[in-house]
Amino acid sequence: MFEDLKPHLQELRKRLMVSVGTILVAFLGCFHFWKNIFEFVKNSYKGTLIQLSPIEGVMVAVKISFSAAIVISMPIIFWQLWLFIAPGLYKNEKKVILPFVFFGSGMFLMGAAFSYYVVFPFIIEYLATFGSDVFAANISASSYVSFFTRLILGFGVAFELPVLAYFLAKVGLITDASLKAYFKYAIVVIFIVAAIITPPDVVSQIFMALPLVGLYGLSILIAKMVNPAPKDNENDHENDAKEHTKSES
């Protein structure tokens, strides 16, 4: 059994090494310009950030550089992921390689941009001014950067949902009917995921969950275009979902 898995493990190791190497090279480049990146990151907050420990400046530079390196490396990471998956697919299924890499990278960047320009400015302003009549907000640079990177990367990953739906529908694993049948269960999972990948505050979780619900709806439309379910199968999925609900109650 191990001998059968060995080629796959070797291939996985190869793809991971390329991905990690790409991130490392990008990290070294980003670290050289970390101050410029920090100014870009801090642009959404008009207050003053403070340093609480001697090594905090170094930690901030490392966090910012590493997060920027991940964003820059996403096309290579998606390419390596595809090269690992592709050998197990049929020839017609391999035709999704360009959409997978292009839209995967694009949706990640779109999610990060949505977080940076729309979500993060509102959240940081709200949280920083909440209770401002009672106490002054002295936010450390390290906590600010951690909050920022977690939100940005979280939204980047979350926006991959339509890409995943396209890929799974293309290979025939899901249909629009199967996604619609389990919509209410998906809502619960979405809020759980939002609680995991966002900072631990309700505002961030709601701002993450609402776009995810919209992306789930978009995924249904994508699945309908790529792999629509026959009418009979759609009714079967709805009946299965209803029976599952009854059994739980």
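Here the Cβ of each residue, glycine as well, is placed from N, Cα and C on the backbone.
Here's what Swiss-Prot has on this protein:
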TRANSMEM  18-38  transmembrane segment
TRANSMEM  69-89  transmembrane segment
TRANSMEM  96-116  transmembrane segment
TRANSMEM  151-171  transmembrane segment
TRANSMEM  187-207  transmembrane segment
TRANSMEM  208-228  transmembrane segment
Most Cβ pairs under 8 Å with the transmembrane segment (208-228), selected from 69-89, 96-116, 151-171: 151-171
Could you tell me what the rest of the chain brings near the transmembrane segment (151-171), counting residues at least six beyond its ends with Cβ under 8 Å? 67, 70-71, 74, 89, 93, 96, 99-100, 103-104, 107-112, 114-116, 119-120, 123, 179, 193-194, 197-199, 204, 208, 211-212, 215-216, 218-220, 222-223, 226-227
